[in-house]
Structure formats: C-alpha cells, structure tokens
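To start, the structure itself, in structure tokens.
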C-alpha cells in the first residue's frame, strides 16, 4: 500500500480514539439534558474539578492550603500520606455526589420551569464558580495524574503492522484503554437506565416531569442522581484526559469540543453522542491531515464547529435527535 | 418624594412617549451627561482612564450590542469576542490603508464591516435557535480568531503576528498611539458610547425593536402576526454586530494599542460581555451600562481589598474573582433575572412613593 494511504489510515484510527474521548465528555451532557432539559456547560469544568480532586486526594494535599496560608500565615501543604488510586477514585466519586447535591440544592431547585437558555447561562456561571473553586482548592499548577493506566506506544500493533505493511502504526495504549472503558461505561449506563428502578425513574423524569412527579417519583432525588452520574462520567473523562495531557485548566476546554459533538449527534441521544464523537474525531484529524498545511494549520480549533454548524442548517435536530416540534 | 410627578403634565403623545417621562429623571440624565462631558475630562488622569473609565466605556458599547441581540431579540450569542476581533482588525486595516482619514470614520466603518460579518454568521439563526444557536455562534468565535491568527494579510505580514495601532488623530488631537492624552481618548470613547446608547435606545423602542421583541417572546406567534423573522433576526444580528464591532475597534486602537487576537478576543471575552448583559439586565440599555460598570469595577475592587489591604497573593484574588463572578451569575439568574436594571427600576418606583408605601 502507498505510504500516504497508510498514513491516512493511521490518522483515521487516531481520530477514532480521540473521538471516543470526546464522546465520553458528551455523554455527561446527554445524561443531564435528557433528565432535566438542562444543557450543562459546566460538564468540562466538572471533569477538571474531578481530576484535580483525584490528584489532590492521591497526593494528600490540604484543600485550600494556599488560601489558608495566605490568611493565617501558616505553611501547610500536604497531610503527608499517599492514597492508593482506587481509594482516591472512590473518595472523588463521593465528592462528586456531594457536588451534585449542592448544585441541586442551591442552584437547580430554584430554576425549575425557567427557559432552557436561562438554565444554560446558569451553568456557565456554575462553570466559572467551579473553575475558581478547583483552582483555589488544589492550586492552579499543572499536575501529573497517574492511576496506573498503561501509556505510550503500543508495541504489538506497531510490530504487527510493520510486518504486514512495512509501516508501523502509532497507537497509544491509553487510547485503547480509554476506548474499552468508554464502551464499558456506556454498557453500564444503558443497563442502569434499563434494568434498575432508579434508572427507570430517571427515564420517566426525562420523558415528562409532571407525569413522573404525579406517580410519586421524587424529582429532587432523581436530579441529584443524574448530576452524580454526570459527575462520575466527568471523573472518568477527567482521568483519561488528565493521564493523557496532565491535569490543568485546558482540560475544561474539552467541554467546548464536546458541544459540536452533541450538535452533530443530537442532544437527546446516547448513540448520537458516540457517533458524533467519532465523526468529529476522525473528521478533524483527516481535515487537518488533508487541508491543514494548505490553510495554515490548527484547523482543529474550528473544524468541528463549522461542520456542526453546516450540518445543523440542513438537519436542526442533529443526527439522532428528536424532531423539534413547536406549538403556539 | 424624590421623583415627583405632580405638576408634570403631558400635552402631546410625543411628550408622553419620551425616554425619560419624569422631569426630575430627565434633568438627572442631562446632569450625568454634563458631568461626563464637561467635568470628568478636566479631572481625569492616566490611571483612571486606563484602569476604569476606558474599559467601562468600551465594554458598555459591547454590552449594548450584545443586549440588542440577546436581550431584545432573544438570540444568545457566544461569538462576541470574535466580532470584536473583526472590528479591531477592520479598524487596523483601514487605519493602515488610509492614514489621512479621521479615526471617527475608521471606527464607524469597522462597525459596518462587523455588521456584514455578523449577518453572515446570523444566517443559521433562521433554522436553529436556543442553545443550538448559542453553540453555533461559537463557530464564529473560533473560526474568526483562527482566521486572524493564520492569515498574514490581516496583520499586514508583521513578524510578531500582532497588530499595533499607529498614531491617528481627530481634528489634530491624537487618539491612538503611545502619545495620547487621557482626556482625549476618554472623550472619544464617550462620544461613541453616547451615540450608541441613543441610537440603540431609539432602535429598540421603534418598529424594528418591536419586531425583535416579538421574535424574542415567541417567534412562531410573531411570524403569524406578520413579523418577518428573516428580516428581524438578521437586522438584530447586524445592529448588534455594528456596536460590538465599534467596541472592538476602540478596544484595540484606543485602549490597548497592540493586540494579540487569541488573548484579547478569546472565548473569555465573549463570556465576559454575556455576563455584563446578564448581571446588568437583559433587554435594557441602562442594564448594559450597569453590567459593564459592575464587571469592570469588581476586579479592581477585589484587587484593592485582597492584594493591597489584606496582602494576599494575586493568584488567590484571581481565583476568588472567578468564584464570585460565577456565584453572582447564578444568584442573579435565580433572584433577579432582569439584573441590576430591574433593581434600579424597583428603587425608582419606591422613591416615587417614598415615604408612603402606597
């Protein structure tokens, strides 16, 4: 096979892997949107917050140490212990549940029945708040996250493809693990929403708030649950991205990448989030590969948006979204 | 007590529908204008101009622009930063291409160019709405910033990729460049702000503004009663982008002087202006002023309190600022969705009756 084609295939594969990570973030959006009609802009910052908390707990950082030192003139930084990865992940899940409860208690409860766009802007405010909070809590420097996921070039694929085509494909181990975890996560989410009582209640709320309320489902509880699940998804995404490129502010910007994924796939569809993620992931890598050099590079910044924008003009509800019906 | 209407008789429809129907209110407005134009220029120094007054004036113009689109026409836009960049780069290209023309004309032309670009990116609003559109405007934001970063023609092939404002004047008074006087830049921006506010106020209470508000309140119903959604939405995008473009041009040429597009007009600028509109009050010209003043003053106040008085490191104050702004956004949306402007309105109502409750 010609070199160019092989290279294109490699780019496509890498794009698929990146797309899985986009889809992972987009999943959190879809969950909250389906259950409460809220478009949660803060999902990306939640991933950042989760990853920061995970690192902080693992390294035994004292929360707000910077602020405490500034106010009281003390010199505290670390508790001096190291928490193993699994325990730290469980603790972080706990923190995310508390966060979900607080969001529900202090923000969303008061905004029931508002217009979607008001809710959207509220989540932008929430995103700013969380960003400031996570920086204040754990410090804003770039942190390394290592929970024991394999990283680096997958030697087996490299060798096999080299023997077959005379050209070794570069595939990152982490991407493969991320793909497997994302698949498991989706399977678990589907099973949860199909086969458990709470999952069914969640779907009922998503279908019709008032009807769900009238058969005795607690909206407050379901919303806390949904935000917790979204927090968990954010944590998984945060671990993946954090392991890949370090825990830092730019992590929250993946939310911005997940938005066009959602627009393409449709806000209400879990398969849409996955397919949209893959399309965007492959599309932007191939576009950069094919036309990037001619256009001056870094087309990845806007390609996804322009693609989604053009697509929406022809099909406003996205690939798998429900048709938008409006009545006066 | 403070707002007396007794004896304030109206004898024509024109008088009844003026912007400030209460006489006291009208005189206060004239007084504010007089202070702004005749008193502050004599008291101003460089610190006040650069730290507070210039950003306030310029952001207020941007907030007016976004308020037209979001507050009056209901189309949420997250592309404000990108449109400000269009204004800045249009102004730069005009300034370097036609050095002898007055800055006034350049800034207005830059607004016109931005209006055209705004209409272009407003076209999808006919098919998509709500937050689908909000996200779609992000396409404008990222694409425009990328474009100005990557196409050398826009920054005149300069080595650094930055644009910097050459010295230009109005009637012989320097407005841009390093050798300007504080009062001159201040007055220049103030004139634009006053003009923008008057134009925006009159646009929004005229026929065009009513069609915008009809689209905002319920677009399908508006279409049924004969509002042309195409014309209404695109005119809102055009008017909004015009003001945003002017503010971008002033932001670059008068305030900063040299600009790197990703830093000065990134996504955070879009959110900042959106926050000004939310905190100030959606659908209110006064709200744009209040929101801009609030968000310009908040970091200054926090810095004075946190860094200068309490002696905290600057990064803590920066984080606190994020927390406070985020919490305020949420709080305003919950408690007072119409923002500071509504608080002001309520205060005026109370003062009209004070000290009697009814």
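Placed from the backbone N, Cα and C atoms, the Cβ positions cover glycine too.
Automated prediction, rather than curation, is the source of TrEMBL annotations.
TrEMBL lists A:6-31, A:38-59, A:79-99, A:111-130, A:176-196, A:217-241, A:261-282, A:294-314 with the feature transmembrane segment.
By number of Cβ pairs under 8 Å, the transmembrane segment (A:111-130) is matched best by A:38-59 from the list A:6-31, A:38-59, A:176-196, A:294-314. Beyond the transmembrane segment (A:294-314), the same-chain residues lying 6 or more positions past its ends with a Cβ under 8 Å from any Cβ of the stretch are 257, 259-261, 263-264, 280, 283-285, 287-288. Long-range contacts of the transmembrane segment (A:261-282) within its own chain (CB-CB distance under 8 A, at least 6 residues past either end) are made by residues 12, 15-27, 29-30, 33-34, 39, 186, 189-190, 304, 307-309, 311-312, 317-322.
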